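This report refers to the structure that appears directly beneath it.
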Amino acid sequence: SVFTVLILTLLVLLTVATFLWNLLVLATILRVKAFHRVPHNLVASTAVSDVLVAALVMPLSLVKELSAGRRWRLGRELCLVWVCFDVLCCTASIWNVTAIALDRYWSITRQLQYTLLARRRISNVMIALTWLLSAAISLAPLLGWGETYSPEQERCQVSQDPAYTIVSTGGAFYLPLCVVLFVYWKIYKASKFHMGGRRRNAVGPLPEAAQVKEASQEPQMVFTARHAAITFQTDGETWREQKEKKAALMVGILIGVFVLCWIPFFITELISPLCSCNIPPIWKSIFLWLGYSNSFFNPLIYTAFNKNYNNAFKNLFVKQR
């Protein structure tokens, strides 16, 4: 039908756009030396996981969608590879988002302790733990924890063993979900505290009606003296407040999109094996591709809040021309 062709066209475009956009982010980070530091190594790790989702997972998922009854006709070996990379890359993408949120949180709340050297070490540790945990969750079914392929029913899916379902969904989604929600709450509290903590100092004595105005740059500083005393007032936001507000907004959007994209899939993924519920295949496909779309939104969000990426993209295309 026309509707089916339209849906498949959108899925193909989503796959291609996800691959190209994340590849562009990776190429930019590799070519620009200023990006060879934190937090861009966390962004690069996220882009790697999202590129792998678009290159290795989404095309085979699309082939499965095209088959009659959504059956798997590509054999057991390819099924195991697909499921393994599906769990590995999606879990790594989710934990990389969590690592970015943690990095922003520590850079705001622990500015003195969270030096560049400490930030680099911690970010490298977070990247290593992200991929190790993702590999452990994805390889468990290959070592005998549940079955992913059924030749009689031509079915290929993540292991439905109840114990594995609890461990995998908890480690891949619910634990990072708790972390990012806690982190965003702390970032929001910290930014409100700093924005509300503008100091007003009094110094005197000075002649009455003395008034000095600094150059009109943001944030503007205004000094006024009344009755032999001077009041210090900040008119507008300081650079630190603007930075914290921008970081809080970026992390909030990143977390909000991450939750909206993945929570329907992981709720059904947890409930279905435990209660033996028969969820219609069409809804499973919708929730799965909604989760995949998070790999498309990730680079859009963290590059939209960084002008350096936009300038780097322009320079990259100019050099290519």
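The backbone N, Cα and C atoms fix where each Cβ goes, glycine too.
Positions annotated as transmembrane segment by TrEMBL: 6-30 (among others).
TrEMBL lists 21-302 with the feature domain 'G-protein coupled receptors family 1 profile'.
Look at TrEMBL and you will find 42-60 (among others) tagged as transmembrane segment.
Through the fold, the transmembrane segment (80-102) approaches residues 39, 42-43, 45-46, 49-50, 52-53, 56-57, 60-61, 74, 123, 126-127, 129-131, 133-135, 137-139, 141-142, 148-149, 156-159, 168, 171-173, 176, 179-180, 183-184, 187, 251, 254-255, 258, 262, 291-292, 294-295, 298, 302 of its own chain, all at least 6 residues removed from its boundaries and within a Cβ separation under 8 Å. Among the features that TrEMBL reports, transmembrane segment is placed at 80-102 (among others).
Counting same-chain residues at least six beyond the ends of the transmembrane segment (122-143), those with a Cβ under 8 angstroms from any Cβ of the stretch are 38-39, 41-42, 45, 80, 83-89, 91-92, 95-96, 99, 102-103, 106, 114, 158-159, 164, 167-168, 171-172. Look at TrEMBL and you will find 122-143 (among others) tagged as transmembrane segment.
The transmembrane segment annotation in TrEMBL covers 163-185 (among others).
The transmembrane segment annotation in TrEMBL covers 247-267 (among others).
According to TrEMBL, the feature transmembrane segment maps to 287-305 (among others).
Confidence annotation: the domain 'G-protein coupled receptors family 1 profile' (21-302) carries a mean pLDDT of 80 in the model.
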